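*Asks:* Among the features that TrEMBL reports, domain 'CCHC-type' is placed at 233-250.
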Amino acid sequence: MPDTVPRPPPLELSADGWKRFEFDWKNYLVAAELTKKPSAVKVAILLSVCGPEAQDRFKSFTWNEDNDACDIDKVMKKFEECTPVENTTVERFKFNSRQQKPGEPIKEYVAELRRLPVTCKFENISSDDIMNQLIWDKIVVGLPDATLRTRLLEEGSEITLNKAIQMIACSEQVRLQCTVLDSKDSTYPVAGVPAVKRSDFEKKKKYKRSDEGNCLYCGGMKHAKLVCPAKNRRCYKCKKLGHYGKVCRSKFSESSKEVKQKISSTRVLAINGIDRKSAVTSIFRKWIDRTVLRYKRLVGMTCIRKVP
C-alpha cells in the first residue's frame, strides 16, 4: 500500500512551501497507513521524501537531547521554526493588487482571491484597527514611489501607520527640493555684476547666425546694396530710408510682445546685498525713460516737418 501512494513533493523552505508540505505530509501518512509507525520510522520516511535542501537543514539542527532527533513532532517543529516568517504586509499587498488576468476564468480568479486571505491574517485584526489597516494597505498599493514601497514592504508589520506616513512625507519633501534645484538654470555670477540667463546670449547668437546669409536691408538673399529693392523704401517703424520694417533694427521698433519677452527672460540675481526686486525695477525704469525720450524726439521731428 505505501508504494502505491504518491510521495509528497520536496519541502521548499519558505512560508508557503512549509504549509503545503505539512498538508501533503499528513495526508501521506494517513493514505500510506503510516500513522501507527514508530516515531523514529516516521522521521526516516520524512527525511527520505523532504528533498536534499531540507535534509541539509536537518543536519544543522541542534537538540536538547539526543533522542529528540527521532521524535517526529519535534522534528516537524524544528522545520517550522527554520522557515521564514510570513510578511503579512507583503501578503496583503498581493491580495489588494491581484487583478483578473486576461483569459482567466472568473471562477479561478475568485478561488485565488479566497486563497490569498489565508496568509493575510485578516482574522487577527481587531475592530479598532480595521480602518488603520485598510488605510495602510491602500497606501502601500497606491504609492507611486517604487523604491519607497519596497522599503515599506521590507519593514512589514514592524512599521506603524504613523511612521509610514512620516517616511512618505519626508520622501515627498526631498523629491520636491530636488525638483526645485534641478529646475534652476545654471548661472555664472561675478561680484557686483548681475547674472543673466544664458538663453539671452544663445538667442542673440542664433539671430546673428540667421542673418549672415540674408540681406540686412530687405531680408532677402545676399546681394549688393546698390541693387537692393529696399534702397529707396522708407521703413514704417523708424521712418528711415533704405530698409524694410521686417528687418528694422531700431530699438524703438521693438513690439510690446518682444519687450515683454525680453523683460521676462532677463533674471537679475541679488549679489553683494543688492535686492533682486529693486534691481529689476531700476532696469525697467531706465528702459522706460529711454523709450519715452526716443518717442519725444520722434514726435518733435514729425511736428517740425509738418510746419509750413
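Here the Cβ of each residue, glycine as well, is placed from N, Cα and C on the backbone.
Map the listed features onto the structure and describe their local environment.
*Replies:* Mean pLDDT across the domain 'CCHC-type' (233-250) comes to 85 in this model.
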*Asks:* Let me spell it out: take the domain 'CCHC-type' (233-250), skip the flanking residues so only those 6+ beyond its ends count, and list any with a Cβ under 8 Å from a Cβ in it.
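*Replies:* Same-chain contacts beyond the ends: 215-219, 298.
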